C-alpha cells in the first residue's frame, strides 16, 4: 500500500469577489480508498468523503480565511499547507460630518474617516469638489491622511475623500471634514522645523518588492524646508521622492536592516533640525536544515527519533502532527518532542504506524515535511473475519474484513482469482472500505459466489472467505386496475407477482391504507394468486385498494380505485318567490318527480339560512301538493330551499337548491349584551360589550354607538361611533378625574340604529390631590414633640378618596433626614397630629400633605419650628488629677447632648455616705475643671458634676475618690452566673472585682455570638453606666436562638479592668422573625404566572432553628375582595418563587412574611403585578357536528365567552374558487364544475353562480346560490350559439369572497386547445423570489380557454413541479413566485378548455433569480440586564442557506412596554456581520422593554425575531469578587477573604456573597454553598473535613441576581486526630499466642504516622495485672503477633491510630485457647535424635466437636522460655515429623509439644517432650587450633588494611563500614510458622522499653536495642498439607541509604553476630530464620499487604514498644551488647 501524498501544494493568497463561485481542489494520490476533508481556520468544514473538491456556490465575506485539505487512506492522513482565500468587499463610511480648527501657520492633519474594506481602498482627497494634488506644502500620507503645512486662511473649506476598492470596483464618498483656520496675529514668519508625521517601524519579508518609510515635517517658510535620511548614521541619497518625505527601499534584504533617521532642517536659519527614528526589520521565511527520511521502518518496542530542524528569521516554531492530528492533542506519553525539534517515539506499538508531519512557521511563511513510520514484526491477524451474507438484487452488500498487524496489512479482495478491490485496484460497484471491508453497490444476480479477503505485510499473510447469496427481487407484474361495479354485485381485483423461488410471498390488501382482514367476513376473500374478491358490494366498499407483497426478496405494492354506483331521482324546477302579503314568508313551487315505482308518501322541505347548514323546516308536506308557503323567517337574511320526496324505500335525492333569496333589512331589535365598564386611568374608562343575539341583528351590523354622561346629572350625552362591528370595546378618554359616568351602547345596521342597552355606571380612577392642606399651623409642644393643626384641601382638589395625611419634619441642617408620620383622615373639624421623638432644641422645617391611593399630593409651605430647650445630658470624661491629702482637681468635657444653651456647671462633693457634709459650687459655662480644697486626708468622697441650662441641671456624673490615695485600675469581676434566659435577654450575676479605690463608673459585657471557641472573636454586647454597686445585669438586645458565652470587665476613672473568666455557653430561646424579607419585587413571568423575588433573611435574623425557617406568600386579585391565596417556600435560602395558575391579564397584590418553628414575622409591604395577555382560554361554545355527505362533516359553534377571549377573535373572507371548467356545453345548457378556493380563510358556507349574455348589461346577472358541498351546476334555457359570462364566488361567515369570471359559447363544435407559444421571461421583471412569464395563447379549439397550468423546474437536477393550475384564461402573463433566491429555473405552460388539456409548450431559457433579504431572523435572541440602565443582547446568526446574499449586519429594535400602549420604537444598527452580542445603553430604570432583531444585507432586512422582554433597573453584578485568599485556621476551619467586585461592575448595592466550596477531588458530591447577607469580604468556613484540599469560589449578588463566580482558590485544612481503626481481628489463637490485625481508619484526617496497640487481662493473672503497650510506626503494617498469653484468660485489646496525635480507640476482647470444642492434647510425644536429624512422634488425642484437620508443633528454646509455633500445616494423617538439626541453634536445648487443629481452632497442647540438645560433631574448621591460626592471620591482614586506609585519608574511614553477609539457602519440607505475622515483627531500630515497676537490685535501665531494619516474608512454603518441598532464598542485605542516624550506629552488629544477640537467636532458630529479613535498599513499603515476595521485600517502619513489666509478652529484641532482658525470653543478665 502507498501512503497518501499531494501532487500540488497551494499557491499565493487568492482574492475573490463576493457572490462568485469558488472551487478548491485537493490533488492527491495513494492507495485506495482515498478520502478528503476540508478545514477553515482550524475548524472542520466537511467530514471525510471521496469528494476531493470543496465548492462555495456564492462567496460571502465570512468565507474568507485559511483553507487546508486533509487526505487519508488506510496508511494514514496528511495535512496540506494552508491556502489563503480573501473576499473583496467594501463597507460604508460610518461617521458623520466632522469639524476641525487649526491655528494659522500650523500644520493641519486630516485623518481618513473609518471605512471597512478589503483590500485597502485607493483614496483621493477633494476640496470643494477639486482633486488635491500633493506639493511641497500638501502631502498625502501612506495612511491616507491629508497634511497641509503652514496653513493659511485660504486652506479653510470642506474636504472629503473618494475611496475605491480596486478589486470589486466599488467606490464610496466620505462625509465632509470642515477645516477652519484660526487667525493668530502673533504667528512669526519663521518657525522651527517640527516633524508632524514621523516614520513608523517596519517589518517586511525578504524578497518583497519594496517597502516605504515616510516622514513629514513642517516649518515656516515651507520653501526652505529640507528633509534628509540616514541609515545607521550614513546619509541616503537613493530612493527618495515626494519632496524627500518618502524613502523607498527596493527588494529589501537583511543588509537593509537598521535604524533609519529622518532629519528636517530649515535652510539659512539657526534652528536645530528636527529628527525622528524608525527601525526596519527583515524577516526570512523558514527552511529546513534537517528533514526525516520519506519512510522509516522500526520494530515493536523500539525507540525511534524523527529528525526535523528549521531556520528562518525569526526562528520558526515547529509543530508535529500524526495522521493530521496535533501531537499535543494526542497527549501520548510515549511521544516526546526533543529540544532539537525532532520527535522521539518510545516503545513502539502497531498503532504508531502512520504519517508524521513537521510544520515550521514564522511571520514569513509556513513549510512542512513528513515521513511514513512503518512499525513492523507483527504478522497479520483477523479481528473480524468475513461472514456469509445474503442480499436482494439491487441492494448494497458489505463484506466485513478487519485485520491488525505491523506494518499495517494491505487488504486485497478476490473472487475466483480476479482482484476486485485493493489499494491500487478500483472496479466500478466494488469499493474497498477503510476498515478493510468490501462494499458492492448495487448487487446484481451474477455477483453471487465466494469472496476472499487477503491480508499481507512483511511479517506474513493470511486470508478468509465468505459466500454472498443474491436473491431475485420480488415485483408485481399484473397490478390491480380501477374498477366500477353496480351496488350488490361482486368486484374482483387481480394482483400477480414474480419472485425468487427460494423465498415465500405474503399478500396484504389495504383499503384506504387500512389493512383488510379477510377472515373476519366471508364477503371479502383473498385468492391464492393474490386476487381480492368482494361480494355484495355497497357504498362502504368505495375506496383506494392497495395490494402489498411482502417477502425476503423485497416488497412491492400497487393501487387501484373501486367505485360502487346507484341512480337517485329528485323533484324538478323548484322555485322560491317572496310573499307579497307577509314580509316574513316565502312561496315554494315544484314539479312532481319520478316516484321510483313506489308511491310518494310525503315531501320534506329544508332551508339554509345565511349559508348555515340545511335544516328541516317542513317535515310532512302532502304528496298531492306542488306548492307550499314557508313562514317564520328572519329579516335581512338570505335563504335557500331544497326538497326531497320519500317513499317506502326511503328518502330520495334532494332537488337542486333554489336561488338565494334575501328578506328586507330592519334595525336591530335587541341591544348589545354584557356591557362592562372599568376605570382604566384617572381620565379614561374602558367599555366592553358583546353583540346583540345574532337572531336580533335584522341585517349586517355596521357598528355601534356608545353614549355617556355624568351620572345623575341631566346633561347631554356625548357619543362615540364605533364603525366596525368586529370592535366590541372602546376606551373613553378625556374624562374628569374620579367622576362617575353612566354609559349605554346600541348597535346599528343599514336600516338604522337599534335599541340602547341599559345604563352602566363606573368611576374614573383616583388621582393624586392637586392642592395642599389649608391653614397649616405648627408649634413645639415640648423638647421632642411638634404639634400640627390644619384643614383638609378643598374636596374638588382631592381627586379621589382621602386616605390620610403625612406630617413631615426635617432638621434645617439635614434636609434628607425626614421624619414622616401618617395620620388617618378625620372628617370632623380641624385636623391635628404630633411628631414625637425629635431632637431637643433643634430647628425643624415642617409641612403637611394629603394622599390618595395613587400617591401623595403637594406638601404645604415649610414652616420653621424650634423644639423646646431641655435639661442637658451627662458631662463627658470625668477624671481626677493632682490628688493630694486635702485637695484634688476634677476635669470634665461638655455634654454630647446639650439640649439647649449651656449656662454653667454644678459641682458637688460629700464624704461618702454622709449627705450632711455635701458642698455645692456653681461654675460658668466655659469652666471645665475645678480644684476642690479643704478635704480631709485619706477620706473617701463622692463627687458629682452636672451641666446646667435655663431649664435646670442635667444628668449627674458621679464618682468616688479617696483623698491622698490616687485610684488604681480595677480588678476583674468573677463568678459569672447566667439565669432568666429568654429569646432576647438574659440575667448576668457576678461578684465585682477590686474597685481600684474609686467607684466603678461602667460595666462592660462582651460575648461570643454564634461561634464559640478560643479562636472566635468577642464583641461588646452591653454597657451599664453609673451603677457602681451593681452585682446583676440584665443583658438586652440578644438574638433569639443563638449561642452566647459572656465575659465582663469593670471600668473606673483610671481605666478598665482585665476580663473576667468566660461564663458557660447558653442558647437563647426561639422567637418569631422580627423582619419581613426585603426588596420584594414582582415581575410578569407569563400569561398565568408572576415571579416574586426578595432578599432572604440573613442567618442572624432567623430567631430560631434554621431548618424550620421559610417564607409565606399571600396574594389576591386587586379587583376582588376575595380571600387571599397562600404559598409556602420552605427553603430559607430561596430568593425567588413563581406563582402559577393565575388568570390572564389580571392585576394581583402580594405580600411576604418569614416564619420559623415558633411563629411568623411581620408582612412585607404590598407589591402589585399583572399577568400578560394571552390566547383565548376557552373553546367556542355549543359546538355541533352534522354529516352532510359521505365524506364531509359540517361544524357549527358559538363565539368564545367574553371573559375567556383574552383578545380580539379575528376572521377573514375567502378567496375565489379555482379550476372553473364547462365539461358539458349544449346549444341551450351549460354544466359548470369548480374546485373550492385555495385560500378559504374559514369554513365555506356556500357558493353563488351568476351568469349573463356577454352582450347584455353588466348588471343583469341571473344569480343562483348552492350549498358548500356542491361542486357543479347546470344552467339551462340559454340562447344557442351565444357567448355567456359566468361569475362564481364563495362565502364564509365573514361574507362573500372575490369572484371568478369565465366566458363560454353555447356550441357543440369543440376540441382541445393548441399549446401556448413564444414563452419569455423579461430579465427586468426577475426578482429574488419571483419572475414574470409571458406567452402568446394558441388556438382555443372553438371552446374558450378556462385556465392555464404553469410548471417550473429547478436547475440543474430538479423535477417538473406544477406551480399553478388556476391561471386566468384571459392572462397572457403571470407572476411566478415562491421561488428561491439566486437559483436557476426553466418554465413551461399548457392550456385547458372544456374539452381537455393542450400539450406542454416549449421550455423557456434558464433564468436565475436575484439575491434577496435574509430569509430568517437571528436565532436564540436573549436579553439580560447588564447594568442598571443597560441590557446585553446576544444571538446566533441565521443559517447560511437563509442569508440569500452577503450578510451586512444586524438591527436591534426596542421599545418600552406599558399596559396602555407602546411607546416609540428605537433602533440600533450593528454593521458587523460577525457580531453576536451588543449592549443597549441609557435605558429607563424600572421599565420593561421589548426587543426584536433583524439581519440585513445589501437588499434589506430579514423578518423580525420573536420579541423578548427584559426588565431594566436590576442587573446582577458583572464581575466576580477579586483577590480571593483562602487561609487555614484549624483542622475544620478555613478563612476566606476577598475584595468586592470593582464598583463599576456592581450594578447596584451588593447585598451579599455566595461562597461555594468543595473538596478538590469530588466537586459534584461535596459542593456546598454558604450565603453571606452582609457586604463584608470575610467568612469562616466551618465543619470541614480535616487535612483536606478545598476549592473556594465566590460570587456577589444584588437584588437582580447572582454575579459570576470567581476562579477557584485552594486551601487545605490542618491535620487532626484520626478516626478509630476500621476493624480489629484475631487469628491463630493458641493457649499462649495469637495474631492481632486491624484496619486503616475510615477518616485519616491527616498523614498516618503509626498505631498504638495496648492489651491487658480483664482480671489479674496470679495477682498481677500486666498492661503492654506497643507502638507501631508507619501505616503499612497493621498487624502484630503476641506470644505471652496465659491459657484461658480473656484479654482486653485497644488500638489507636496516630497523625499529629492519637485518635479514639477501637476495643475488643479475646480469650486465649484452647476454644471449647477444639481437639484434646495429642499423647505419647516422643523425640528421637540421630546424627543429623530429630524425629517427633505422637498419638492422636480426642478430636473435639469436629474432626481434626492437622497439627502444629510448638518449640521452647532453653535460652528463651516461651513457647512459639515452630512448624504448622502438618497433615491430619501424620503422626511424626522429622527435621534437620541444622535448623536448630547449636548449644541450645529444645522442648517440643504438639497441638491438634480442627475447624473450631487450636486444641490443648500435649505435654512437653524431653529436652533435646542441638549439638552436632564439630568439623575441623571449628576446632580451637584452626580458629587461632585464622585469627592471627586475619589480625595481620587487618593491620595492613588499616595502615593503607590511614594513608588514603580519614575522610573515607566509614565509607564502607557495613557489609552485608549472605546466608546460605535453607530448605524445608513443610511450612514453618511465619503465618502472615511476625513472631516478633518489630523491624525497627527505635524500640523504647519502659517499666512501671521498680528495678530490682537497683539495676539501671539498659540501652535502647537496635536490631536493624529487618523485615519478614510471610509467604507459606506449602499452602496445602501435602508435604511438598519448596525452596526459599533468604538474604540479609545492606542497610538502605535512607536509614536514620541511630540506624547507622549498629553496623558492627551486622558483621559479627554475638552469641546472645537478637539476630543470632533467630539465625539458630529455623522458625524465625526465614521470618526476619533485611529491607531491600531504596524500596518503599508495600501498602495493604501482609506478605512480600522473598528476595524483594518492602521495608517496615519503626515500632517503639512500651511494656509495663520487665518480663513481657511481645518480642523486644536487644542490640549488640545490650543487657535488656527480652520480654518473653529468659533473662541472661
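For all residues, glycine too, the Cβ spot is worked out from N, Cα and C.
Feature transmembrane segment, per TrEMBL, maps to range 1824-1847 of the set 1752-1775, 1776-1799, 1800-1823, 1824-1847. For the ranges 1699-1722, 1723-1746, 1867-1890, 1891-1914, the feature annotated in TrEMBL as region 'Disordered' maps to 1891-1914. Checking the ranges 1382-1404, 1405-1427, 1428-1450 against TrEMBL, the region 'Disordered' annotation falls on 1405-1427. With a cut-off of 8 Å on Cβ pairs spaced 6 or more residues apart, the domain 'Fibronectin type-III' (1076-1174) and the domain 'Ig-like' (193-264) reach fewer than 3 such pairs and are scored as not touching. Here the domain 'Fibronectin type-III' (972-1071) is broken down by DSSP into helix, strand and coil counts: 0 helix, 44 strand, 56 coil. With a threshold of 8 Å between CB atoms, the same-chain residues lying at least 6 positions outside the region 'Disordered' (1405-1427) that come near it are 19, 1321, 1323, 1326-1331, 1355, 1379-1387, 1433-1439, 1442-1445, 1447, 1450, 1479, 1489, 1491-1506, 1508-1516, 1518, 1547, 1600. Over the domain 'Fibronectin type-III' (972-1071), the average per-residue pLDDT in this prediction is 91. Three or more CB pairs closer than 8 A are found between the domain 'Ig-like' (4-86) and the domain 'Ig-like' (380-469), so contact between the two stretches is assigned (pairs 6 or more residues apart).
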